[in-house]
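TrEMBL has this to say about the protein:
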type     : residues                    : note
ACT_SITE : HIS21                       : active site, proton acceptor
BINDING  : TYR16, TYR65, ASN67, ASN113 : tRNA binding site
SITE     : ASN11                       : site 'Discriminates between blocked and unblocked aminoacyl-tRNA'
SITE     : ASP92                       : site 'Stabilizes the basic form of H active site to accept a proton'
Amino acid sequence: MKKFLIAGLGNIGDEYAETRHNIGFRILDHLSRSEDFSFESARLGEVGTWKVKGRSLLCLKPATYMNRSGRAVQYWLDKEKIPLQNLLVVTDDLNLPFGTLRLKTKGSDGGHNGLKDIQQILGTTGYARFRFGIGSEFSKGRQVDYVLGKWEEAEQEALPERLDRSAELIRSFALAGPGITMNQFNNT
């Protein structure tokens, strides 16, 4: 069975649950409800396994806080013997308009501290990342308040469809591969 690690980035704690910065956790929570698997506490995070068409997707919500996600990702890659090309990191992106989806197979951290830590720990930028656009509607100097803020009403109303589309992207990544998935989902 082909194994994948799907790491959704976020911060632990109820105070962060509904924030923009926690979209990685929220996407994996949505996936677990729609595909009927559950998360359990484990080393360095919560994990849940989704099996689909000969694939085993280990979904990870690191309990290391966003800026220290690399340790949890490295641990689960090693423990489960998952190759780097089967890693998908799910995160927020300030540089994309709200709800825009973008998959890349490598690249910079784009100023995202969670990705920066993963790249530092793994020693490479050569892993797939799925960025969910959260927009950049904040005043100068208010970036932290914005990413740690709650969704606006219009965003909240649009989220269910965007979460469905995000789950489809993850499914496609595992079943069809990154090339087809990028063509089908990027900038949608």
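All positions are counted from 1 along the displayed chain.
Every residue gets a Cβ built from N, Cα and C, even glycine.
Report note: the tRNA site is defined by TYR16, TYR65, ASN67, ASN113, and the residues of the same chain whose CB lies within 8 Å of the CB centroid of those residues, excluding them, are LEU9, ASN11, HIS21, MET66, ARG68, SER69, GLY114.
Rounded to a whole number, the distance between the Cα atoms of ASP92 (site 'Stabilizes the basic form of H active site to accept a proton') and TYR16 (tRNA binding site) is 13 Å. Within the set of recorded positions HIS21, TYR65, ASN67, ASN113, the entry lying nearest in space to ASP92 (site 'Stabilizes the basic form of H active site to accept a proton') is HIS21 (CA atoms). Taking each of the recorded positions ASN11, ASN67, ASN113 in turn and counting other Cβ atoms within 10 Å of its Cβ gives the largest count for ASN11. Neighbour count (other Cβ atoms within 10 Å of the Cβ, all protein chains): 17 for TYR65 (tRNA binding site). Other Cβ atoms within 10 Å of the Cβ of ASP92 (site 'Stabilizes the basic form of H active site to accept a proton'), summed over all protein chains shown, number 24.
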